[in-house]
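S.K.: Just lifted these from TrEMBL, have a look:
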COMPBIAS  7-31  compositional bias 'Polar residues'
COMPBIAS  144-167  compositional bias 'Basic and acidic residues'
COMPBIAS  182-193  compositional bias 'Basic and acidic residues'
DOMAIN    198-260  domain 'T-SNARE coiled-coil homology'
REGION    1-39  region 'Disordered'
REGION    144-198  region 'Disordered'
């Protein structure tokens, strides 16, 4: 009996071991070490996430800045194209006036030539042919007036369409567009820790929205400039045709003058 009591006493005085052969105190210590390592890993991940978010924020800022500069340049180019169209319309209208004057010059030089011939020859006028001539002249003047009105209306419409294209292409530049999406608390919680500042996510989201608006604005400007240039090319071709017509009429007037002797 005494030997059994000594055995129990020795067992109580010795430390107990778990299944892995470690004392219970060592097991708690290992668990704490693992928890500390997990906390360090989480902190490292948080730090890296913060760095990535800051890099993303800087990238969106730089992209937005570049887009704004490009948008400003494109907007000024569109406005200059509009001014150029207005100048072409003025040239077009001036050519119409010049063309009318050229027609008048042909008639006057032709009459001068006839008057000059009548001085040296005796002619008997035909009242019937004179009446037809006056009617033809009236019809010619009427048609010329109708063409002048049509051309004035065409030029006025061109000027209006050009201003409309410039306004449509440049409206909303450097301004926030409607219907901009905001991050909800639920969406933000999917990738944000509780102790993080939500302003970074908000600014990134706002910048991405503005980048989308800027890209849409650049597309609108590109389409507007393309349409404006295409219209100007047609206008230049029309101006060239009018210039050739006026030059031909001036040449006819000069020919009549040379024939006057």
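Placement of Cβ uses the backbone N, Cα and C atoms for every residue, glycine included.
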S.K.: Tally of helix, strand and coil residues over the domain 'T-SNARE coiled-coil homology' (198-260) according to DSSP?
M.R.: 61 helix, 0 strand, 2 coil
S.K.: When DSSP states are grouped into helix, strand and coil, how many residues of the compositional bias 'Basic and acidic residues' (144-167) land in each?
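M.R.: Once the DSSP states are binned, the compositional bias 'Basic and acidic residues' (144-167) shows 24 helix, 0 strand, 0 coil.
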S.K.: When the pLDDT values for the domain 'T-SNARE coiled-coil homology' (198-260) are averaged, what is the result?
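M.R.: The predicted confidence over the domain 'T-SNARE coiled-coil homology' (198-260), as a mean pLDDT, is 90.
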